[in-house]
Amino acid sequence: MEEKLSRRRRVVLVPVPAQGHITPMIQLAKALHSKGFSITVVQTKFNYLNPSNDLSDFQFVTIPENLPVSDLKNLGPGRFLIKLANECYVSFKDLLGQLLVNEEEEIACVIYDEFMYFVEVAVKEFKLRNVILSTTSATAFVCRFVMCELYAKDGLAQLKEGGEREVELVPELYPIRYKDLPSSVFASVESSVELFKNTCYKGTASSVIINTVRCLEMSSLEWLQQELEIPVYSIGPLHMVVSAPPTSLLEENESCIEWLNKQKPSSVIYISLGSFTLMETKEMLEMAYGFVSSNQHFLWVIRPGSICGSEISEEELLKKMVITDRGYIVKWAPQKQVLAHSAVGAFWSHCGWNSTLESLGEGVPLICRPFTTDQKGNARYLECVWKVGIQVEGELERGAIERAVKRLMVDEEGEEMKRRALSLKEKLKASVLAQGSSHKSLDDFIKTL
């Protein structure tokens, strides 16, 4: 028995090949590695992460799939993930079989991103323990469930029709409106629901890990626990649970830290819309005018390829944008370092879940401009539940942008949000310390292995 336990040490992890999913999966891997487990990370050729030297203790293996990069653009993320699942199932099963034959260590469990749902079917054939990792919020998980249930009852008319009806509240999901449900700008409601049916299916999963904190989402976690009828572990924020090396798919420009060093405390608004958001040229120019008119210092991340519908190059567009010496623009930034910097007083964000947790973890209030899917619900919670955010809705217009920036950076309302954000920061810090809820959840999960 002792020999069997000592060999049951390897954990296999399967992330979605996207920045917002890879990062928390690697953070979880680091947490498990710190507890004595060996780690194997299964990647696709698409968006392959070139591991840093800090991850040299991890084994990285690749599923041989043949999806062209153009598929993501042509199909949209939802349909692309469905195609990826169909493409990877057989090769993943073969790879898993090889791991079982070749490895000296037994596999304790396979942890897969909920959107890599094909893993559950493959793992089941080998009778291995499998665990779902949700890299979105618990509330987003609930919303996906509810969308599937409403769709089955033809109850998503408000979302399909748009207009005034989409601002109606979803029954029993206050303060979520129909427009806040995690539908995608890249896909129809029907396509989104098709994907969510797969992600919400627990199959033979023994448990679910969610990158969240009980103090933020207690009611959603309790809802999921009752609905799924398997243990739900809130182990987050994962970036605070353990120190992990950068896993950025884009090169980070650290010159912005030197620029921040020259600014006054809480005087800079950091602007970043994530690794996937697309913007029209007109929107980008309106943002530039709004930020400059606010008379606030700003650090702005403009990702290559993020401006669509432009007849001129991004370099030419940047020249057209009247940026004063109060502004600093980079293509990509070391976000956790930026948010932790004393000069940063606010974050204009797309409200992806990682960005949301990183901002709350540093006590930085947000201006919320969600783009798609779960970002909309996150923004709603930031504004209406946690009260540390201001949502900018509708068409982007320079006056509205200027007013939002001043509300957060100048007005008393912003000071109150900052105080609430700092209070949440302390609660999140406490959750990952010994006796904290997330620390206990991680220990409880490890005991099951």
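Yeah, the Cβs are placed from backbone N, Cα and C, and that goes for glycine too.
For SER275, 333-335, 350-358, 372-375, the entry in Swiss-Prot reads UDP-alpha-D-glucose binding site.
Projection of Swiss-Prot feature records onto the structure.
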residue: SER275; record: UDP-alpha-D-glucose binding site; Cβ neighbours (10 Å): 22
residue: GLN335; record: UDP-alpha-D-glucose binding site; Cβ neighbours (10 Å): 23
residue: GLY352; record: UDP-alpha-D-glucose binding site; Cβ neighbours (10 Å): 26
residue: SER355; record: UDP-alpha-D-glucose binding site; Cβ neighbours (10 Å): 22
residue: GLU358; record: UDP-alpha-D-glucose binding site; Cβ neighbours (10 Å): 22
residue: ASP374; record: UDP-alpha-D-glucose binding site; Cβ neighbours (10 Å): 25
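GLN335 (UDP-alpha-D-glucose binding site) falls within a helix when secondary structure is assigned with DSSP.
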